[in-house]
């Protein structure tokens, strides 16, 4: 009875009022419902792009060296085995930088971080160890010049290769096996997820190998000066020719040492004094020159070597220039 007495004071038809009320209710409900926010755009760090570009260049350069040495049976002397080891290590380092970029922006997970950093640590460690092994080989070729081409030298070279790759793989496995800072960020180094202690061990190991290489370089210089003194007394043409070749090898070693120190020393010292609280731009600014060492290595070791130049010419044009074919290979040639 009371419902019949209710008056429509608005003067509008009841159907219109019912439709308007339904719209108001739906609008109120939609205002309370959570609004789907647009996904944030993927922002790429320019430093990561530069590192990925460096990795691509490293991979292309060193892949050429690895293929030439692998497919040429004449390049099996200890010197070329060590150059091949260096090229392979740098090739893996370049691949690691590329994979790191892909995983960082497309496939983010703890497992991919650990695998990527393990690959990069192992490959760069193998690269540095290969440089040390090449320095040892250069020293042996001068100090034991008469017995350098014996089977003992080949055996020693294989032992060095097994030791350096075994040590490098072990260093790369440390983050994967649990020595990382994913569970405790306060222990992180400048390169996450490496711990501060892990980075310190790598840095100290580098300084030790650098000091050992420098000592070997000093000994090589002493041998060259002794040869120069003997040559000055004998004035023998063949001895002079051998001295010129030896001096070229020492000059190459000097170039190697200077390049090696300029590329790796900034990042090594920074890793010792800094941690995860430091701005990441400093890490990028010191790590990038370290990657340049892997770009320079093929130019210093492989592409300046006469035998590798011959093999490269055969692959590219099917012939060997007369200037290369007339020159004999020397154990002091790097």
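Numbers here mean position along the shown chain, with the first residue as 1.
Backbone N, Cα and C atoms are what each Cβ position is placed from, and that goes for glycine too.
Automated prediction, rather than curation, is the source of TrEMBL annotations.
TrEMBL assigns the feature transmembrane segment to one of the listed ranges (199-218, 219-238), namely 199-218. Looking at 22-44, 114-136, the range tied to transmembrane segment in TrEMBL is 114-136. Residues of the same chain lying 6 or more positions beyond the ends of the transmembrane segment (156-179) and with a Cβ under 8 Å from any Cβ of it are 78, 81-82, 85, 89, 114-115, 117-123, 125-126, 129-130, 132-133, 136-137, 140, 193-195, 198, 202. Counted over residue pairs separated by six or more positions, the transmembrane segment (250-269) shares fewer than 3 Cβ pairs under 8 angstroms with the transmembrane segment (82-108), which leaves the two as not touching. Listed stretches 47-70, 199-218, 281-303 were compared with the transmembrane segment (82-108); the greatest number of C-beta pairs under 8 angstroms is found for 47-70. If you look at the transmembrane segment (47-70), the same-chain residues 6 or more away from its ends with a CB under 8 A from one of its CBs are 80, 83-84, 87-88, 90-91, 93-98, 100-101, 104-105, 280-281, 284, 287-288, 291-292, 294-295, 297-299, 302-303, 308, 311-312, 315. Computed over the domain 'G-protein coupled receptors family 1 profile' (61-301), the whole-number mean pLDDT of the model equals 87. Same-chain neighbours of the transmembrane segment (114-136): 79, 82-83, 85-86, 88-90, 92-93, 95-97, 99-100, 103, 157, 160-161, 164-165, 167-169, 171-176, 180, 182, 191, 193-194, 202, 205-206, 209, 212-213, 216-217, 253, 256, 260, 264, 290, 293-294, 297, 301, 334, counting only residues six or more beyond its ends whose CB sits under 8 Å from a CB of the stretch.
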